[in-house]
Amino acid sequence: MENYTVQPAKSVRGEISVPGDKSISHRSIMFGSISSGVTKVTGFLRGEDALATLQAFRAMGVQIDDDGETVTIQGRGLHGLSEPTDVLDCGNSGTSMRLLTGLLAGQNFFSVLSGDKYLRARPMKRVVGPLALMGARISGRAGGEKAPLAIQGSKLIGIEYDSPVSSAQVKSAIMLAGLYAGGETVVREPHLSRDHSERMLRAFGAHVETFPGGVKVRGGAELTGRDIVVPGDISSAAFFLVAALIVPGSDLLIRGVGVNPTRTGIIDVLKGMGGDLELTNQRDESGEPVADIRVRHSKLTAMEICGEVVPRAIDEFPAICVAASLAQGTTVVRDAAELRVKETDRISAMADNLRRAGVNIVETPDGMQITGVASLKGCAADSFGDHRIAMSMMVAGLVAQGETSVSDVECIATSFPGFVNLLDGVVQR
């Protein structure tokens with residue numbers, strides 16, 4: 001397992017672009033594969049998670065070519081996938097597994113989904129349960145709670161489902177099954193989760209309607225291939241936003257970041273803490289809002305983070321924890337129990353690591369209380385095999401007194417293979 005040592009930084013300065021959005025990259029492969037005609041994707045994220053989705057569709061007979069600039073998908077149509085001859089390996093990707101479970105439930109063949117030890121430990125009943133109500137035949141370990149999942153494609157019927165969690169993965173899995181189901185499928189959720197599936201499926205020609213609190217899909221519509229430009233991933237930009245806010249003397253411009261309003265919780269939170277962030281050059285690309293973000297070092301103040309902003313910032317909480325650890329006062333996070341079932345328990349992991357760095361943190365079942373300190377201590381941090389924990393603690397190391405080492409950093413390749421080089425390029429020492 002590879003460790004990485006971080007030295008304190010004098011400032012974070014320059015202009016960068018972050019890799020393509022992971023959520024949109026996954027969906028571009030999935031939706032392009034079940035469309036008729038050609039889909040061309042630029043800005044595709046070549047991280048391990050999105051590549052797992054790409055390889056899964058190749059294993060189901062889809063021709064996908066990648067010349068390093070553009071990913072070209074020769075769509076097979078809604079019913080054109082072939083039965084895979086082997087287990088579909090989702091690696092560490094919960095998005096791959098959960099969305100594929102919905103998509104495969106309505107096929108006319110058998111398939112098996114598995115992944116690495118971390119993915120095999122994550123809860124799948126939240127997807128398997130509602131799909132079973134649609135007529136899906138899915139079995140797995142622990143009564144369908146854990147992967148591997150065996151899926152015998154079957155005839156599906158539309159349902160109305162009130163999701164107990166605000167999860168784009170749950171919503172999207174049900175929507176994808178709804179493409180193959182008779183009648184209408186309706187999903188409601190407590191707070192709006194990211195809406196990339198709704199936007200993109202509509203662009204491909206699916207019958208998708210949104211309404212306050214939910215989405216409706218009518219089955220049977222044929223999808224048509226299209227060109228997609230993937231914006232920069234705001235979840236990847238988050239580490240640089242926090243780095244520039246907490247390192248004195250910093251001034252950083254991040255170009256071409258996706259600022260879909262269902263994903264900009266990180267911006268709302270950091271601004272709420274007093275962060276100097278400015279969105280410029282706002283435009284629309286492939287149905288997604290995009291902007292450049294300028295961020296400067298700021299004195300941060302604690303705040304309460306709860307309610308509807310939580311699902312809009314769910315993947316950015318490890319980075320938010322680092323910002324909160326240096327904010328004046330006590331930051332209270334509530335309504336974020338979903339963090340406990342990510343690649344690792346992110347509440348426990350960040351609490352453990354930041355305590356090592358000298359921060360006073362109290363865990364709660366659905367969040368934490370973080371009392372900021374004047375400075376962090378260098379420490380030996382543990383990534384727990386989670387890419388976002390690893391990158392967050394590397395950012396924390398930029399302002400720590402002394403050296404910070406982070407264990408098992410190869411997990412970063414799941415979402416951001418070039419992170420270390422990009423960070424080194426803007427850190428002044």
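Yeah, the Cβs are placed from backbone N, Cα and C, and that goes for glycine too.
Since we're looking at a predicted model, the values are computed, not measured.
Record check: Swiss-Prot places K22, S23, R27, S167, Q169, D315 at the 3-phosphoshikimate site, and the matching candidate among K125, K146, K299, K342 is K342. Here the C-alpha separation of R27 (3-phosphoshikimate binding site) and G94 (phosphoenolpyruvate binding site) works out to 13 Å. Non-local contacts of S23 (3-phosphoshikimate binding site) by the CB criterion (under 8 A, 6+ apart in sequence, same chain) comprise T95, A168, R194, H196, D233. Most Cβ neighbours within 10 Å among the binding-site residues K342, R346: this distinction goes to R346.
A gap of 7 Å separates the Cα atoms of R122 (phosphoenolpyruvate binding site) and K342 (3-phosphoshikimate binding site).
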